[in-house]
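Before any comments, here is the structure.
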Amino acid sequence: MLDSQSSTHSKSAYGSPLTSSLDEQGSTPSASSSYFIEGPWEQRNRRFQNVLLHVCSFILILEFAERVSYYGINQGLKNFMGKLGWSQVGSNSLKSTWTSICYLSPLLGGFIADEKWGRFKTLWVFGVAYTLGAFLVTVSAHPKFMLPEHDNHIAANVLCHIGLFTGVAVGTGAIKANVITFGADQFDPNDPNEVTQKEHFFSYFYIVINLGAIFSYGYLSVLCVEGTGAISKEYGYFANFFICGGVMVFAYILFLFGSPRYVHFAPQDSALTKLCSIVKGNCAFSYEARMLYYGLIAFATAFPLNLLASFLSDWLSVGQYLSYIVVVCCAFGMYAWIRYGMNTAYMDKSKASNGGKYNDETVDEIKMVIRVLPFASFMIMWECAYDQLDANFQSIAQQCDLRIGADDTSDYNASQVPGAMLGIFDPLTIILLIPVLDGFIYPFWGIMFGRPPSAFGKVLTGLIVAMLTMIWSGFFEIIRRNSGEIEYLDANGTLLTIPNNGSSEPMNHTYWAFAIPMYVLIAVAECLINVTAYELFYTEVPVYLKSTCQAINLFMVAMGSNLTSTFTLLFEHYITDNLNDGHFEYMYWTLGALSLVNIIAYVTVMKWMEFGMVRFDADDELLDGAVFDSHGVDITNIQRHSSFESISLSRGVEELPLHMRYTVVSLFTTQFAITTLLFTIVG
């Protein structure tokens, strides 16, 4: 269907919707502007004047379903791997590896959408792959494979990993790369009403992401290990994965039903392809460009090596040796991108004015992308810390006392909170903290110090919080382990331990609520780093290269998850199935030490580059009251294609002060979260 619709819009007729919507200065035309942008919006049936409701509602439902499905699989995956016979190390490593593929695949999805198929076709083709993958995982979780009397773990593993790595991981990346942009494409920038609706779209997009995460961590985590209602405990994982696949089927039926209402843009040459072509072409002129290229090769090599190491972790020691190679590849890639991204003057050799074959302006624009690479490289250690949430943190939480309403310390029949449910404190903290930061803390900083907080300072603070979280996690593991296992006497007078329902390992006396600060601290760092990093990746480059910079951002997320898997394998001798027999803290203290080194290097390099700093003029006056980097690029007064800045639920909400808008949305989402938690605990 896309082919027939796209064929009417040639490349020469319509450019990229983002590029077309911006003037030469890269600013969005105002609603009152006479600037007209040519596009396919006029061809849509005028019955659908409320684009947000009549068109983008299908896209929002798709995003909600995909997030429910992704987080539903994500929260149950670690324990499910254990059910399939994987060790603690193998489960955590494979889960982090899977996460890295999920964040690497947007590069593929974005490339295919930009240059080959367009966004609509990419979304539904990869959506089919995603859904099939989810149902393969569902089949592998059927009690026929899982019950002790059925020894079908080999078949279950084959089905599960084919579904995970070739279906879900690749599919979610393609959706992640295109769904929000496809939604934004639907709004006519020449229509003031649709410009306003577009702002609402980004707001609702943010809300459905968080609602999907809250539903999955709040309800599906209970379903996996406890069952619920008519669903028995034995069918918990099967039901969880079936719901994940089922919501995707339902959402895609609706998405395809709405296809006559969508507008489409023809595929174009990708800016990412242009970037790679120019850097590779410059290798003939410059040693520095070759080092950048070799750094990319090193990063790319780390992925298949880690994938192989993860699958071999439980059988062959070669997996650990491969992990050392992965660390070397990551270290070299970071060095190359930091060292040779700091000063990009060598790229001038490829300018036409210097005898090269590339347009001078194009080379200058590519230099701006290369200049972002050092900052991106410093994000890898942060992403490694962030990835602890769903794998290693869960391992620690599950061996705390997860019981609710126990009559005494030996009550082994009490209900338990699933360890995976603690992941809900990440989105909840983000929802509550962002309005506090943007509405109170950042303005208060400006009043106290006469300048707004710089992007450099926000990220630095977040990196410090993440480092302290890694150190605290190590100490918390010691506290948990030393608290002793919970024991009781059975009817025969035998002393037994009380296992958790997720991994069946013994629980210790440390109450599960004391593990919450680890999740909250990581969420605090996420608010400081990820939102700011998104702004920097978005503002440091020309309009047509913004998507390329976001692809680099996602690539760093993938590298961080890759590194998490690697560290888990390197410390496999200290990460035992029963954490009480190991020394998990060694890994966290190592991550804390490496994070400190990363912080020192970050401060040194970013100050030398003057990257993300607050700038003043000759009279020591803040330039326009904004935060500028060394290029004079304002990184506070930008149009964020991010839901964090454009949160509003209605025109009434939009008229409120900014911090009050955040508060309204936070209250709405928090109410849903509390309702979900009460339902799961009581039910």
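Placement of Cβ uses the backbone N, Cα and C atoms for every residue, glycine included.
In TrEMBL, annotation is done automatically, which means it is predicted and not curated.
Quantities reported herein were computed from a predicted structural model and do not represent experimental measurements.
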Inset, instruction - Please find, within the list 368-388, 662-682, the residue stretch that TrEMBL describes as transmembrane segment. - result: 662-682
Legend entry - Stretch with greatest number of CB pairs under 8 Å, the transmembrane segment (237-257) reference, 123-142, 321-338, 428-447, 459-479, 511-531 candidates: 123-142
Legend entry - Segment-segment contact (the transmembrane segment (428-447); the transmembrane segment (511-531)) at 3 or more Cβ pairs under 8 Å: yes
Legend entry - the transmembrane segment (154-184) versus listed stretches 51-73, 204-225, 291-309, 552-574: most Cβ pairs under 8 Å: 51-73
Legend entry - Long-range neighbours of the transmembrane segment (511-531), counting only residues six or more past its ends (CB under 8 A): 379, 382, 385-386, 388-389, 393, 396-397, 400-402, 417, 419, 422-423, 425-430, 433-434, 437, 458-459, 461-463, 465-466, 468-469, 472-473, 476, 479-480, 642, 644
Legend entry - Segment-segment contact (the transmembrane segment (552-574); the transmembrane segment (51-73)) at 3 or more Cβ pairs under 8 Å: no
Legend entry - Residue numbers, six or more beyond the limits of the transmembrane segment (459-479), whose CB comes under 8 Å of its CB atoms: 378, 381-382, 385-386, 388, 393, 396, 510, 514-515, 517-518, 521-522, 524-529, 532-533, 579, 584-589, 591-592, 595-596, 598-599, 602-603, 612
Inset, instruction - Would you confirm whether the transmembrane segment (204-225) and the transmembrane segment (321-338) meet the contact rule of 3 or more C-beta pairs below 8 angstroms, pairs 6 or more apart in sequence? - result: no
